[in-house]
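Participant: Next up is a structure, given as C-alpha coordinates.
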(Lines of atoms letter the chains of each structure in order from A and count residues from 1; the text may use other names and numbers.)
(Lines give C-alpha, C1' and ligand atoms only; values in the text may rest on other atoms or scores of the structure.)
Protein backbone atom coordinates (compact mmCIF):
# COMPACT_ATOMS: atom_id res chain seq x y z
CA UNK A 1 0.00 0.00 0.00
CA UNK A 2 1.58 3.31 -1.06
CA UNK A 3 1.06 6.57 0.82
CA UNK A 4 -1.78 7.71 -1.44
CA UNK A 5 -3.59 4.43 -0.87
CA UNK A 6 -2.90 4.69 2.86
CA UNK A 7 -4.51 8.12 3.10
CA UNK A 8 -7.53 6.88 1.15
CA UNK A 9 -7.72 3.85 3.43
CA UNK A 10 -7.73 6.04 6.55
CA UNK A 11 -10.55 8.18 5.16
CA UNK A 12 -12.56 5.09 4.25
CA UNK A 13 -12.04 3.47 7.67
CA UNK A 14 -13.09 6.67 9.44
CA UNK A 15 -16.25 6.84 7.34
CA UNK A 16 -17.00 3.17 8.04
CA UNK A 17 -16.64 3.70 11.78
CA UNK A 18 -18.98 6.68 11.80
CA UNK A 19 -21.50 4.87 9.61
CA UNK A 20 -21.49 1.86 11.94
CA UNK A 21 -21.99 4.19 14.91
CA UNK A 22 -25.04 6.06 13.59
CA UNK A 23 -27.82 3.71 14.67
CA UNK A 24 -26.07 2.73 17.89
CA UNK A 25 -25.22 6.21 19.12
CA UNK A 26 -28.02 8.57 18.05
CA UNK A 27 -30.14 7.83 21.13
CA UNK A 28 -27.41 8.21 23.77
CA UNK A 29 -26.06 11.34 22.05
CA UNK A 30 -29.51 12.97 22.14
CA UNK A 31 -30.00 11.89 25.76
CA UNK A 32 -26.60 13.32 26.72
CA UNK A 33 -27.26 16.58 24.87
CA UNK A 34 -30.60 16.98 26.62
CA UNK A 35 -29.03 16.20 30.01
CA UNK A 36 -26.30 18.78 29.41
CA UNK A 37 -28.85 21.35 28.24
CA UNK A 38 -30.91 20.89 31.41
CA UNK A 39 -27.76 21.15 33.51
CA UNK A 40 -26.93 24.52 31.94
CA UNK A 41 -30.54 25.74 32.18
CA UNK A 42 -30.37 24.99 35.91
CA UNK A 43 -27.25 27.19 36.14
CA UNK A 44 -24.87 24.31 36.75
CA UNK A 45 -21.63 23.61 34.88
CA UNK A 46 -19.95 20.89 32.85
CA UNK A 47 -16.48 19.68 33.84
CA UNK A 48 -14.51 17.60 31.34
CA UNK A 49 -11.41 15.42 31.44
CA UNK A 50 -9.32 13.02 29.37
CA UNK A 51 -5.72 12.03 28.62
CA UNK A 52 -3.66 12.81 25.52
CA UNK A 53 -5.95 13.21 22.51
CA UNK A 54 -8.92 12.86 24.84
CA UNK A 55 -7.57 15.79 26.89
CA UNK A 56 -7.64 17.82 23.68
CA UNK A 57 -11.24 16.69 23.14
CA UNK A 58 -12.15 17.78 26.68
CA UNK A 59 -10.65 21.21 25.99
CA UNK A 60 -12.35 21.35 22.59
CA UNK A 61 -15.76 20.82 24.21
CA UNK A 62 -15.08 23.39 26.93
CA UNK A 63 -13.93 26.00 24.41
CA UNK A 64 -17.10 25.51 22.32
CA UNK A 65 -19.18 26.09 25.46
CA UNK A 66 -17.29 29.14 26.70
CA UNK A 67 -16.92 30.78 23.28
CA UNK A 68 -19.58 29.50 20.87
CA UNK A 69 -20.23 26.65 18.46
CA UNK A 70 -22.03 27.75 15.28
CA UNK A 71 -24.56 30.15 16.80
CA UNK A 72 -24.00 33.53 18.44
CA UNK A 73 -24.93 33.11 22.09
CA UNK A 74 -23.81 33.84 25.66
CA UNK A 75 -21.02 31.77 27.19
CA UNK A 76 -22.02 28.55 28.91
CA UNK A 77 -20.15 27.45 32.08
CA UNK A 78 -17.70 24.66 31.29
CA UNK A 79 -14.22 23.81 32.52
CA UNK A 80 -11.64 21.36 31.19
CA UNK A 81 -9.72 19.87 34.11
CA UNK A 82 -6.72 19.29 31.84
CA UNK A 83 -5.62 22.89 31.31
CA UNK A 84 -4.12 24.09 34.61
CA UNK A 85 -0.55 22.80 34.45
CA UNK A 86 0.32 24.06 37.94
CA UNK A 87 -2.62 22.24 39.52
CA UNK A 88 -2.20 19.04 37.50
CA UNK A 89 1.53 18.78 38.21
CA UNK A 90 1.12 19.68 41.90
CA UNK A 91 -1.43 16.91 42.41
CA UNK A 92 0.62 14.42 40.38
CA UNK A 93 3.76 15.28 42.35
CA UNK A 94 2.26 15.41 45.85
CA UNK A 95 -0.27 12.58 45.48
CA UNK A 96 -0.46 10.63 42.23
CA UNK A 97 -1.34 11.07 38.57
CA UNK A 98 -4.44 8.98 39.23
CA UNK A 99 -5.82 11.85 41.34
CA UNK A 100 -5.21 14.80 38.98
CA UNK A 101 -8.89 15.05 38.04
CA UNK A 102 -10.62 13.65 41.13
CA UNK A 103 -9.07 16.21 43.48
CA UNK A 104 -10.17 19.03 41.17
CA UNK A 105 -13.70 17.61 41.07
CA UNK A 106 -13.73 17.42 44.87
CA UNK A 107 -13.00 21.15 44.96
CA UNK A 108 -14.96 22.40 41.95
CA UNK A 109 -17.83 19.96 41.42
CA UNK A 110 -21.31 20.48 42.83
CA UNK A 111 -24.56 18.55 42.86
CA UNK A 112 -26.27 19.09 39.51
CA UNK A 113 -23.04 19.53 37.56
CA UNK A 114 -22.02 17.07 34.83
CA UNK A 115 -18.68 15.37 34.24
CA UNK A 116 -17.80 14.70 30.61
CA UNK A 117 -15.29 11.83 30.92
CA UNK A 118 -13.46 10.84 27.74
CA UNK A 119 -11.42 7.65 27.41
CA UNK A 120 -10.81 5.47 24.36
CA UNK A 121 -9.77 2.48 26.50
CA UNK A 122 -11.97 2.89 29.56
CA UNK A 123 -9.06 1.88 31.79
CA UNK A 124 -7.32 5.18 32.66
CA UNK A 125 -7.07 5.32 36.44
CA UNK A 126 -7.43 9.09 36.64
CA UNK A 127 -10.67 8.92 34.63
CA UNK A 128 -12.01 6.12 36.83
CA UNK A 129 -11.23 8.12 39.97
CA UNK A 130 -12.78 11.21 38.39
CA UNK A 131 -16.06 9.34 37.88
CA UNK A 132 -16.06 8.14 41.48
CA UNK A 133 -15.38 11.68 42.70
CA UNK A 134 -18.18 13.04 40.51
CA UNK A 135 -20.66 10.59 42.00
CA UNK A 136 -19.59 11.58 45.52
CA UNK A 137 -20.32 15.21 44.59
CA UNK A 138 -23.78 14.33 43.24
CA UNK A 139 -22.83 14.82 39.59
CA UNK A 140 -24.06 12.89 36.57
CA UNK A 141 -21.49 11.50 34.13
CA UNK A 142 -21.49 11.50 30.35
CA UNK A 143 -18.76 9.11 29.18
CA UNK A 144 -17.29 8.95 25.68
CA UNK A 145 -15.67 5.54 25.29
CA UNK A 146 -14.71 2.89 22.73
CA UNK A 147 -13.93 -0.81 22.41
CA UNK A 148 -15.79 -2.65 25.22
CA UNK A 149 -16.11 0.35 27.55
CA UNK A 150 -13.42 -1.00 29.87
CA UNK A 151 -13.61 -0.70 33.64
CA UNK A 152 -15.17 2.72 33.18
CA UNK A 153 -18.42 1.11 32.04
CA UNK A 154 -18.76 -0.74 35.36
CA UNK A 155 -18.63 2.52 37.35
CA UNK A 156 -21.53 4.23 35.60
CA UNK A 157 -24.83 4.61 37.42
CA UNK A 158 -28.36 4.45 36.08
CA UNK A 159 -28.46 8.24 35.61
CA UNK A 160 -25.17 8.32 33.70
CA UNK A 161 -24.84 8.03 29.92
CA UNK A 162 -22.20 6.13 27.99
CA UNK A 163 -21.57 6.91 24.32
CA UNK A 164 -19.41 4.00 23.16
CA UNK A 165 -17.84 4.06 19.69
CA UNK A 166 -17.96 0.56 18.13
CA UNK A 167 -14.29 0.42 17.10
CA UNK A 168 -10.94 -0.94 18.28
CA UNK A 169 -8.62 1.65 16.69
CA UNK A 170 -7.76 4.57 18.97
CA UNK A 171 -7.56 6.90 15.97
CA UNK A 172 -11.01 5.90 14.69
CA UNK A 173 -12.51 6.24 18.17
CA UNK A 174 -11.01 9.71 18.63
CA UNK A 175 -12.23 10.85 15.22
CA UNK A 176 -15.75 9.77 16.12
CA UNK A 177 -15.49 11.38 19.56
CA UNK A 178 -14.81 14.71 17.81
CA UNK A 179 -18.02 14.32 15.81
CA UNK A 180 -19.96 13.36 18.94
CA UNK A 181 -18.70 16.50 20.69
CA UNK A 182 -19.95 18.62 17.79
CA UNK A 183 -23.31 16.84 17.95
CA UNK A 184 -23.56 17.60 21.68
CA UNK A 185 -22.71 21.26 21.07
CA UNK A 186 -25.33 21.43 18.32
CA UNK A 187 -28.02 19.92 20.56
CA UNK A 188 -27.20 22.35 23.36
CA UNK A 189 -27.45 25.31 20.98
CA UNK A 190 -30.77 24.10 19.60
CA UNK A 191 -32.21 23.47 23.07
CA UNK A 192 -31.04 26.73 24.63
CA UNK A 193 -30.94 29.19 21.72
CA UNK A 194 -34.23 29.19 19.77
CA UNK A 195 -32.76 31.04 16.78
CA UNK A 196 -30.33 28.17 16.17
CA UNK A 197 -33.25 26.04 14.92
CA UNK A 198 -33.09 28.05 11.69
CA UNK A 199 -29.48 27.07 10.88
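Using the three backbone atoms N, Cα and C, a Cβ is placed for every residue, glycine included.
Feature annotation from Swiss-Prot assigns domain 'SIS' to 36-198; the stated evidence is sequence analysis. According to Swiss-Prot, the feature substrate binding site maps to 51, 52, 53, 64, 93, 94, 119, 120, 121, 124, 174, an assignment based on sequence analysis. Taken from Swiss-Prot, the feature Zn(2+) binding site applies to 60, 64, 174, 182, supported by sequence analysis.
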Participant: Over the domain 'SIS' (36-198), what is the model's mean pLDDT?
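Facilitator: 97, rounded to a whole number.
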Participant: Across all protein chains in the structure, which of the binding-site residues 60, 182 has the highest Cβ count within 10 Å?
Facilitator: 60
Participant: For residue 174 (substrate binding site), which residues in the same chain are close in space, meaning a Cβ under 8 Å from its Cβ, but six or more apart along the sequence?
Facilitator: 53, 54, 57, 120
Participant: If we check Cα distances from residue 93 (substrate binding site), which of the binding-site residues 60, 64, 182 wins as closest?
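Facilitator: Answer for the nearest of the binding-site residues: 60.
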Participant: Below 8 Å Cβ to Cβ and six or more residues apart, same chain only. Which residues does that give for residue 51 (substrate binding site)?
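Facilitator: Listed in sequence order, they are 119, 124, 126, 127.
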Participant: Counting other Cβ atoms within 10 Å of each Cβ, which of the binding-site residues 93, 121 scores lowest?
Facilitator: 93
Participant: Using a Cβ cut-off under 8 Å and a sequence separation of 6 or more, which residues in the same chain sit near residue 64 (Zn(2+) binding site)?
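Facilitator: Residue 64 (Zn(2+) binding site) has long-range Cβ partners 181, 182, 185.
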Participant: For each of the binding-site residues (53, 119), count the other CB atoms lying within 10 A of its CB, then report the residue with the highest count.
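Facilitator: The largest 10 Å Cβ neighbour count belongs to 119.
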Participant: At the Cα level, what's the spacing in Å between residue 121 (substrate binding site) and residue 60 (Zn(2+) binding site), rounded?
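Facilitator: Taking the Cα atoms only, residue 121 (substrate binding site) lies 19 Å from residue 60 (Zn(2+) binding site).
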Participant: Rounded to a whole angstrom, what is the largest C-alpha distance between any two of the residues 51, 52, 53, 64, 93, 94, 119, 120, 121, 124, 174 that the record assigns to substrate?
Facilitator: 32
